[in-house]
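S.K.: Submitted below is the structure of interest, expressed as structure tokens.
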């Protein structure tokens, strides 16, 4: 038998254990869940949203193919992961973000956040969120601009979050209903709350995502808001909390693979989101909280993963 050194052994990217679905099937199911949300975004924000959604997906696929060709890798755009990243990225953007800035952001997502780290499953940070963070830091005026929806005459969610932080916003029953139905301005994909909930149930039922990170994030953010005297319902309905909890905090590569790890990950995301919303310099903290916890995913996997080489002793045996 030939000798093999450790450097000759390659470990595949996470996830190492799947639910029996290949990557292409998983991504197609995610696209299916995102499609109604995308259509609703177009209904709310019109052709501006449609152009940005289509352009983002097209550029994501093109950039991934070009990067893989340039680096002499196998072109894998058929797995639909680039399309998912492009659609998720566009859904996190304001409907009037300049197209050239969108192109820069999706280039960062695909090439830097995903390609440079080794591609699908090897990336440390969620590519769509990393691209959004890059735009947020580089072009804050575009990403944080107040945009008024002509159909609803509603100000952006960032403004509402700022008012909530300052104590100038008091919600009534009509406000809750409007936020639930998406009758407010904001990022393209974050406003259709009822569709996000349906998407979560669909993705959980088809075993595409695990419920733990999502529920832990929402419960922790709600509990923190309640204990601080905040409006729990508005905490859940405003900003991108629900969207991030369902679509970003459940990413395979950038979130823990263990069940306890997912609970810790989600709870930490929820608490960090609350801290930024309550005390931070920005009105919204979902993006930052998930990216921060992405950095700790490997640590959480190691901390909560099964320890091999140790025999589990039953209580009955331990008493002997």
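Each position is counted from 1, following the chain as shown.
Backbone N, Cα and C atoms are what each Cβ position is placed from, and that goes for glycine too.
Automated prediction, rather than curation, is the source of TrEMBL annotations.
Grabbed the feature section from TrEMBL, which reads as follows:
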MOD_RES   159  FMN phosphoryl threonine
TRANSMEM  21-43  transmembrane segment
TRANSMEM  49-69  transmembrane segment
TRANSMEM  99-117  transmembrane segment
TRANSMEM  129-148  transmembrane segment
TRANSMEM  185-204  transmembrane segment
TRANSMEM  233-250  transmembrane segment
TRANSMEM  286-305  transmembrane segment
S.K.: Restricting to the same chain and to residues at least six past its boundaries, which positions have a Cβ under 8 Å from a Cβ of the transmembrane segment (49-69)?
M.R.: 38, 41-42, 75-77, 81-83, 85-87, 89-91, 93, 95, 97, 99, 102-103, 106-107, 109-111, 114-115, 119, 188
S.K.: Mind checking which residues of the chain, 6+ beyond the ends of the transmembrane segment (286-305), have their Cβ under 8 Å from one of its Cβ atoms?
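M.R.: Contacts with the transmembrane segment (286-305): 92, 124-126, 129-130, 132-133, 136, 239-241, 243-245, 248-249, 254-261, 264-265, 268-273, 276.
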